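A.B. asks: What Swiss-Prot records for this protein is below:
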- 13: active site, proton acceptor (ACT_SITE)
- 41: active site, proton donor (ACT_SITE)
- 12-18, 40-42, 304, 330-332, 412-414: GTP binding site (BINDING)
- 13, 14, 15, 16, 38, 39, 40, 41, 128, 142, 223, 238, 302: IMP binding site (BINDING)
- 13, 40: Mg(2+) binding site (BINDING)
- 298, 299, 300, 301, 302, 303, 304: substrate binding site (BINDING)
């Protein structure tokens, strides 16, 4: 099996969906391995724009399988809404497969997410309140309900009653709140499970069959390395592992199955939610990037925080995710700026450091050390090769590659498919 993993190298929203869709043309199977409907990606297909949250990008290709792996947490009601929306626009979803081992998000997870953020007050993490974290907590506590359980009426009824009793005790003690009732959950979610039943299967077997048949598998990451619960800006992170290594756990394939890891980044940096962001901009350059780049969350609609490109972040991501190739998006957004900056290192308490600190208090004290390069004013949205880029834009990309220690295989100068440029064959 030839396989490629696509991961975000920053704090999510790097354009992974677009790159996944671009690479999916040559794949046989496209599989998601982590996260839930807190992730949002925008796809241009057939001249139309689609915003997906749970459904893999491969859904648009009838001859390819789109797989939701066991590492994904699934809100069945939200998933059905997404599938219905695609069907209404003429997109078939018959090629979707959902792992029978995927955890189910239920209304008490959504309630718990809301209560937890309220309890934290000024120390809130800034979650999307989609129930992702609480669902992963239940998984670790071994009380989670999986897709296989949801489909069996007696099993779902028994497990749901047990969990509601437990959640009520927790909610009363911690939040002085009550859990959604059995009657408020059971009928709706059991019916949702029955509607999804034909999609649910052992997806690890599908991927193993693809391996045996020497098919091409594309693993689609969610969020980004800096939101990884182990390797990101903890605790301002997601509740799963977006790093490439989680492909093995989140889909059931072996580690030897991965051929390449494509790290996707923007030509600048963005972040949604709270947490440290060393290169964040609050000036006119930041306003330019946010408005030209349309930096508003796909899932939340919240304005994203934006900043200069941070090579300290990228080097960290390269190391912990084994990135072999770089895909740089949104280069066109920087057009018109007099100068562009790259963070090459941090200053921490008067000393220069080149590695990303694990300690949050240290990270907050870090000051970015910038290298300044001349900008460009030429319209680059029609460029199809590095040689066609203005010299200053080309020098900017080459400097990023040099600082991060990864060669560039893809660059993008706009949102459309034809504005994504492949510099070398990846499959």
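Each residue, glycine too, has its Cβ placed from N, Cα and C.
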A.B. asks: Between C-alpha atoms, which of these recorded positions comes nearest to residue 302 (IMP binding site): 13, 15, 18, 41, 331?
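C.D. replies: Nearest by Cα distance to residue 302 (IMP binding site): 13.
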A.B. asks: Return the residues near residue 18 (GTP binding site), defined as same-chain residues 6+ apart in sequence whose C-beta is under 8 angstroms from its C-beta, sorted by sequence, else 'none'.
C.D. replies: 41, 42, 43, 44, 329, 412, 415, 417, 420
A.B. asks: Here's one to test understanding: among the binding-site residues 38, 40, 128, 301, 303, whose C-alpha is closest in space to the C-alpha of residue 13 (active site, proton acceptor)?
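C.D. replies: Nearest by Cα distance to residue 13 (active site, proton acceptor): 40.
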A.B. asks: What Cα-Cα separation, expressed in whole Å, is found between residue 15 (GTP binding site) and residue 304 (substrate binding site)?
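C.D. replies: Their Cα atoms are separated by 14 Å.
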A.B. asks: Which of 15, 301, 303 has the fewest nearby Cβ atoms, counting only those within 10 Å, among these binding-site residues?
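C.D. replies: Ranked by other Cβ atoms within 10 Å, the binding-site residues 15, 301, 303 bottom out at 301.
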A.B. asks: Of all the binding-site residues given, 42, 128, 223, which residue's CB has the most CB neighbours within 10 A?
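C.D. replies: Highest number of other Cβ atoms within 10 Å: 223.
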A.B. asks: Does DSSP put residue 331 (GTP binding site) in a helix, in a strand, or in coil?
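C.D. replies: The three-state answer is helix.
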A.B. asks: Measuring Cα to Cα, how many Å separate residue 304 (substrate binding site) from residue 12 (GTP binding site)?
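C.D. replies: Each residue's Cα considered, residue 304 (substrate binding site) and residue 12 (GTP binding site) end up 11 Å apart.
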A.B. asks: Quick one: among the recorded positions 41, 302, 304, which has the most Cβ atoms sitting within 10 Å of its own Cβ?
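C.D. replies: Sorting the candidates by Cβ neighbours within 10 Å, the top entry is 41.
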A.B. asks: So which of the binding-site residues is most packed in, judged by how many other Cβ atoms lie within 10 Å of its Cβ, out of 12, 40?
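C.D. replies: Compared across 12, 40, the most Cβ atoms within 10 Å surround 12.
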A.B. asks: Find the shortest Cα-Cα separation between residue 301 (substrate binding site) and the binding-site residues 40, 223, 331, 413, and name the residue that gives it.
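C.D. replies: Nearest candidate: 40.
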A.B. asks: Sort the binding-site residues 38, 40, 128, 223, 303 by C-alpha distance from residue 12 (GTP binding site) and give me just the closest.
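C.D. replies: Given the candidates 38, 40, 128, 223, 303, the nearest one is 223.
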A.B. asks: Which state, by DSSP, holds residue 42 (GTP binding site): helix, strand or coil?
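C.D. replies: In the DSSP reduction, residue 42 (GTP binding site) maps to strand.
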A.B. asks: Where the distance is taken from Cα to Cα, which of the binding-site residues 303, 331, 413 turns out closest to residue 40 (IMP binding site)?
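C.D. replies: If we rank 303, 331, 413 by Cα distance to residue 40 (IMP binding site), first place goes to 303.
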